[in-house]
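Q: Checked TrEMBL, it gives:
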DOMAIN    29-331  domain 'Plant heme peroxidase family profile'
SITE      R66  site 'Transition state stabilizer'
ACT_SITE  H70  active site, proton acceptor
BINDING   P167  substrate binding site
BINDING   T198, D249, D257  Ca(2+) 2 binding site
Amino acid sequence: MSAREVFLTLLVSLVVYGVLVRVCEADDGLRKNFYKNSCPKAEQLVRNITWSKAQSDDKLGAKLLRMHYHDCFVRGCDASLLLDTVGTNQSEKDARPNLTLLGFEVIDDIKTQVDKLCPNIVSCADILALAARDSVSFPFKQDKWDVLTGRRDGKISLASDVTGNLPSPFSDFNTLRQIFANKNLNVNDLVVLSGAHTLGVAHCGAFSRRLFNFTGKGDTDPSLNATYAETLKKQCPNPANPSTTVEMDPQSSLSFDNHYFAILNQKMGLFQSDAALLTDRNSAKIAIQLQSKPNSDNFFSEFGKSMKKMGAIGVLTGNVGEIRKNCRQVN
């Protein structure tokens, strides 16, 4: 083989290799096993620590999934939510919708242990994305969705950024659709990710208006199942006790499954934003489809796809951002 032929063969091989590498990467620069060479045991360590903590806290999945969601919808999945307030500018963490978030100490602990293994390599943003997945997956002892990695940490966190970016439990369908569209998420993603409400609890104040003063006339939201509304009124008498919580998915708030869609279609969605999904023909149809298979397989598949899209919102990669030494403060 001549030198020219050798060169051309090598060139073709490099092109093919480059294509294959790009296929394995997301358009945003994230990829599977990002730390394969720099910290090969990182993802396993995050899983081990998270599963250990989930064993003694059956609500950890709800806590970390919500935290990941709240982080990604404001400034992207850059762990800006984890930053503490410095000076007079309040951080995202201190915005009203985030005051009830729990689990920050879990992310701190994981970061500390990962950095002992590989100092200044793994970002807080990736740790949060992985721990959210691992905490939900713990009861199944297998990953419920793939998490691409390679995120870097943001340096800005402002409470003022939360309003208008994070969907509210009081949002109507058009508002929800627009907020999701702003993040390159479609109506299917909106409905599927709302299925995360199968885990966790909510404070009475997030829905008490539906029970006692829906239109300002002391009435109950007519879109709420009447029997369920009476049950909620007993659990959350007016005025709402700020410390009282109720399950978002009655009798199933510790199980990651498609049960949320069953109660949603019985008009037992807890929030106005839940009920709003039934006011649009397309989203209502999706909700029925996600309920249709009792074994939740369809929901799990769709949830994994939507989580992959959500986990790529506004990510910082390459040389943008930083790898924080402490998840609560910039370097």
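Placed from the backbone N, Cα and C atoms, the Cβ positions cover glycine too.
All annotation found in TrEMBL is predicted automatically rather than curated by experts.
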Q: Would you list, in sequence order, the residues of this chain other than T198, D249, D257 that have their CB within 8 A of the centroid of the site's CB atoms, where the site is the one recorded for Ca(2+) 2?
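A: Surrounding the site, in chain order, are G195, H197, L199, S252, S253, S255, F256, N258, H259, Y260.
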Q: Report the nearest neighbour of P167 (substrate binding site) in space among the recorded positions R66, H70, T198, D257, comparing Cα positions.
A: H70
Q: Could you give the Cα-Cα distance between T198 (Ca(2+) 2 binding site) and H70 (active site, proton acceptor), in whole Å?
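A: T198 (Ca(2+) 2 binding site) and H70 (active site, proton acceptor) have their Cα atoms 17 Å apart.
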Q: If you measure R66 (site 'Transition state stabilizer') to D257 (Ca(2+) 2 binding site) at Cα, how many Å is it?
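A: Between the Cα atoms of R66 (site 'Transition state stabilizer') and D257 (Ca(2+) 2 binding site), the distance comes to 16 Å.
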Q: In sequence order, what residues of the same chain, 6+ apart, have a Cβ less than 8 Å from the Cβ of D257 (Ca(2+) 2 binding site)?
A: T198, S296, F299
Q: In whole Å, how far does the CA atom of H70 (active site, proton acceptor) lie from that of D249 (Ca(2+) 2 binding site)?
A: 20
Q: Under 8 Å Cβ to Cβ from D249 (Ca(2+) 2 binding site), same chain, six or more residues apart: give me those in sequence order, or none if nothing qualifies.
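A: Once residues fewer than 6 apart are set aside, D249 (Ca(2+) 2 binding site) is near H197, T198, L199, S255, H259, Y260, I263.
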Q: Restricting attention to the domain 'Plant heme peroxidase family profile' (29-331), give the mean pLDDT.
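A: A mean pLDDT of 96 is what the predicted model shows over the domain 'Plant heme peroxidase family profile' (29-331).
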Q: Quick check on the recorded positions R66, H70, P167, T198: which one has the highest count of other Cβ atoms within 10 Å of its Cβ?
A: T198
